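Here is the structure we will look at, set down as structure tokens.
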Amino acid sequence: MLKLSSSQPDFAERLKALLAFETAQDPAVDAAVASICADVHHRGDAALVEHTNRFDRMQAAGMADLTLSREQLEAAWLRLPADVRDALSAAAERVRRYHEKQLAHSWSYEDEDGTLLGQQVTPLDRVGIYVPGGKAAYPSSVLMNALPAKVAGVGEIIMVVPTPGGERNDLVLAAAYIAGVDKVFTVGGAQAVAALAYGTETVPQVDKITGPGNAYVAAAKRRVFGVVGIDMVAGPSEILVICDGATDPDWVAMDLFSQAEHDEIAQAILLCPSADYIAQVEASIAKLLPSMPRRAIIEASLAGRGALIQVSDLAEACEISNYIAPEHLELSVADPDALLPQLRHAGAIFMGRFTSESLGDYCAGPNHVLPTSRTARFASPLGVYDFQKRSSLIRVSQAGAQKLGRIASLLAHGEGLTAHARAAELRLEDGTPR
């Protein structure tokens, strides 16, 4: 695992190299996705069934074999052990309660001349959520995508989830049940994204697609953006831990593992002023790694993109963190509130030694769909606001038309747009150009 010090003359260059991630699209993936999307666009259900059978080793005769009813979702819920149902319910309630705080409302006000100005907030009509399936089963992704949409008041939530070899995951289906998903189709990959974006005879066209997926799903989301909205095209998972050197090093090592185990190209970084503590964390990593079921993935991630970085103090750690703009930022320090004003760019900030990132992944309440690859500089977590849209409201009174008409007329003539000017002038009491 790479060890750096901010005092090194070449630190800035080495940090930049560490953060570099090749986001360019793979031409082979692009070509395959373009072909699949075009096929689903033109042939609808037939193409969707064909590609699903091919890629997911299915033998579906038609879309009826790839459609799950609410009764089937409920049955999956009832098959779960009681303690798992309780855990899923508790997580769902916390996620719902948090997102209810984000709900935006319409507003308006009147000028002194009676002109009304405002904003009308409305939910999207229909959204599609993509959930990974098969062995990579993520019920938490169902909750994090469906519940904000539900809170926003979205009219219909469509979920797609691949079931390779016909393998359905009860946890995922149960999460869809308690989150209020309206329709579930057991399809995945680029073909599922295309079906949601363009619609087929069975799959309704949606207004927005959210949720994580592999390179083919990401490429398909890029391709259909503009036809529908998308949440983001996410890169590898990331965690940055700022530690003052007083947290149990085993805790920090395991927190680094928690993201490294996602993917060989996930990123885990520690910033700490103490060289001795960094050595302790390094020892904890060596001690704990052999017991991890996903050891090979963690090792590859830490070796390829991980780092233990010594900084001069916590203030410098915050400066470096703002440059990194991590997906997950842990403040494993005595007084996290003191650091908060110095931090501008992070998807989610986990404050205090007891706040492990994994709690945010499952049940704390805030969304775990977060900006990656330094996009936290300008992007935000998925939320209710992603499932609402805003329309401006303008109702000009007769008196207001006299004042605004003259302003608009002058500006429109200045831009050489005569019809714009005349449309305003005709509403003036004397109807004359100004």
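Glycine residues also receive a Cβ, built from the backbone N, Cα and C atoms like all the rest.
Swiss-Prot lists Ser237, Gln259, His262, Asp361, Glu415, His420 as substrate-binding residues, and of the candidates His105, His328 the one it assigns to that same site is His328. Taking all protein chains in view, 27 other C-beta atoms sit within 10 angstroms of the C-beta of Gln259 (substrate binding site). Spatially close to Asp361 (substrate binding site) yet at least six residues away along the chain are Ser140, Ser258, His368, judged by Cβ distances under 8 angstroms. Cβ crowding, taken as the number of other Cβ atoms within 10 Å, peaks at Gln191 among the binding-site residues Gln191, Asn214, Ser237. Long-range Cβ neighbours of Glu327 (active site, proton acceptor) (same chain, at least 6 residues apart, Cβ-Cβ under 8 Å): Ser237, Glu238, Ile239, Ala346, Gly347, Ala348, Leu370, Pro371, Thr372, Ala376.
Note on proximity: of the binding-site residues Tyr130, Gln191, Asn214, the one nearest His262 (substrate binding site) is Asn214, by Cα distance. A Cα-Cα distance of 49 Å separates Asn214 (NAD(+) binding site) from His420 (substrate binding site).
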